[in-house]
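Colleague: Quick one: the structure is below, questions incoming.
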Amino acid sequence: MDYLADERKKAEFDVDEMKIVWAGSRHAFEVSDRISKLVANDPGFRKDTRTMLARKELFKNTLRKAAYAWKRIHDLHLSEEEASRLRFYVDEPAYTDLHWGMFVPAIKGQGTDEQQKKWLPLAYKMQIIGCYAQTELGHGSNVQGLETTATFDPQTDEFVIHSPTLTSSKWWPGGLGKVSTHGVVYARLIINGEEHGIHGFIVQLRSLEDHLPLPGVTVGDIGMKFGNGAYNTMDNGVLRFDHVRIPRNQMLMRVSQVTRDGKYKQSDVPRQLVYGTMVYVRQTIVADASCALSRAVTIATRYSAVRRQFGSQNGGPETQVIDYKTQQNRLFPLLASAYAFKFVGEWLTWLYNDVTQRLQASDFSTLPEAHACTAGLKSLTTTATADGIEECRKLCGGHGYLCSSGLPELFAVYVPACTYEGDNTVLLLQVARFLMKTVSQLGSGKKPLGTISYMGKIEHLMQSRCTVQKAEDWLKPSQVLEAFEARAVKMAVSCAKNLSKFTNPEEGFAELSADLVEAAVAHCQLIVVSKFIDKLQQDIPGKGVKQQLEALCGIYYLYLLHKHQGDFLATSYLTPKQAALANDQLRALYTKVRPNAVALVDSFNYTDHFLGSILGCYDGNVYPKLYDAAWKDPLNDSVVPEGYHEYVRPLLKQQLHTAKL
């Protein structure tokens, strides 16, 4: 029985068409739909006991699943696209994530043609398993501070890889702890006592025969991490080198080379190529953010429609929790954010392709803007998603705290995204540097490009004032964009003015860093809002689909406007009356979205297996499933618990003095 059938009947749009909008294309939808069902219906990919397993058992089960997934990929002759979707829907962090997501792209991006010919076929067949060994115990964000050394020995034509200090131990690389046979290891290049910066080296770590660490290599797992199950399926590792020798041709030499006679030289390939890989990785992180947030929102929305509390009239049913405005005000902006992040992620895919084409044509003009934009969006979306998953847990009340709700594990798996591939605050400071540089160049005739082009209208934006007179005026895209542009410009200019008062710019940057971060956030929020609005300019087929997306877009930007009201008022763009009208319009949009809420999360097309949540199950039959799941916990294997006779009975019988404690 479908307990959410009445909710689904209320939908005012074509859910099947919205599924295609969410997937990005009909083809992408069909592949995702087919592969997600294939995984969901395969008992080999079960995950409902994951949070109850001890670490060793959990890890062994992950190794089994990774091998089984690889076997299924081969047996079914899946394409690269299908294989990638299968790994995604298996939904278990494993060494394969780093092998395919970091090791292979590093060799592709930084290896010469010759190196790619040698290493990629081995990696593609998984005859070697790789990790990405950059972060150290003592340094993460500050890559230039890494301490591992790679010293060239001209006598033997080798590099000597060494960990000179405890803090130079590689620490955190996924897959390193117990599985990887090879790593792309980042180290300080030293030739004749002279340093040449950080470079990548392919280093074999374990024997391909008995899997033992090679001489001079000390390697292991760094221990349990946050949460039950969650990221503990991954063997994040520690690695130390004691003068380990590798051939010279194992330095990744696409951009710079060391010759046989120890000369360091740049190749014809521009250094900027490395940025292409970075844009790619950050684009996938933004896409992952929309996925993780949409999962949490699906659980919270369905459960909010099932759960009833208070408000019973004359013995009738209580009120659905989703009908309370307080619940809508917390939940619907997260639903809108999931869609917003999806569309900005799509745009980032376009940006990556654009940057790649430009790099091949030696056009580096858009690189600084693309770098700042991807850094900022990675920071903005991962922070909002981590906070949003936790908010969804709270929206589910006490039951949200159960592992069977799926939310604690989803949060624990997702939250490291705020740190890896760039700490979120450090990234916002990089964006702020770019903004300050852009403001300083405005008088020079250099035209701001891409996502920063609004800075070209600085004179107009500094003077402009909001013209909204009634609540509906806030539905005009031009009005909204100007509000967010004016806020971003005024906050950036204010920071630049305050910076100019310092004789030492670096001192000023450090002192004003909190304000600079806020200016960076304003810039990044403008990008997300503008890309959502751009999406709505496209032809979007399907009955009522565009109208629902317009309502969600309105909720996204009006919620941001309400949340950051202080910025808009402090920059004198808005009056308090106009801010109040924005809030009136926001409430009206909640009412518009309410009958469509369950259908909007159905449009994500997630199977119950992928969601891994009793509270978010498709049929809404929550309470019997919660009750049954409780009895499956290992603690309920026996009626009288182990330890009763040793510790509880002596207490009850007042015999603790004779008990062996």
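Using N, Cα and C of the backbone, Cβ positions are placed for all residues, glycine too.
Automatic, uncurated: that is what TrEMBL annotation is.
Marked as active site, proton acceptor by TrEMBL: Glu421. Here TrEMBL flags Thr135, Gly174 as FAD binding site. According to TrEMBL, the domain 'Acyl-coenzyme A oxidase N-terminal' annotation covers 14-129. The domain 'Acyl-CoA oxidase C-alpha1' annotation in TrEMBL covers 275-436. Taken from TrEMBL, the feature domain 'Acyl-CoA oxidase C-terminal' covers 477-653.
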Colleague: Where Thr135 (FAD binding site) and the residue listed as 'active site, proton acceptor' are concerned, what is their Cα separation in Å, rounded?
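Modeller: So the Cα of the residue listed as 'active site, proton acceptor' lies 10 Å away from that of Thr135 (FAD binding site).
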Colleague: Between the Cα atoms of Glu421 (active site, proton acceptor) and Gly174 (FAD binding site), what distance do you get, rounded to the nearest Å?
Modeller: 13
Colleague: Is it possible to get the count of other C-beta atoms within 10 angstroms of the C-beta of Glu421 (active site, proton acceptor)?
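Modeller: For Glu421 (active site, proton acceptor), the count of other Cβ atoms within 10 Å is 17.
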Colleague: Other than its own, how many Cβ atoms are within 10 Å of the Cβ belonging to Thr135 (FAD binding site)?
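Modeller: The answer is 19 other Cβ atoms.
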Colleague: Specify the count of other C-beta atoms within 10 Å of the C-beta of Gly174 (FAD binding site).
Modeller: 25
Colleague: With DSSP helix as H/G/I and strand as E/B, how many residues of the domain 'Acyl-coenzyme A oxidase N-terminal' (14-129) fall in helix, strand and coil?
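Modeller: Helix/strand/coil tally for the domain 'Acyl-coenzyme A oxidase N-terminal' (14-129): 90 helix, 0 strand, 26 coil.
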Colleague: Summarise the model confidence on the domain 'Acyl-CoA oxidase C-terminal' (477-653) as a single mean pLDDT, whole number.
Modeller: 96
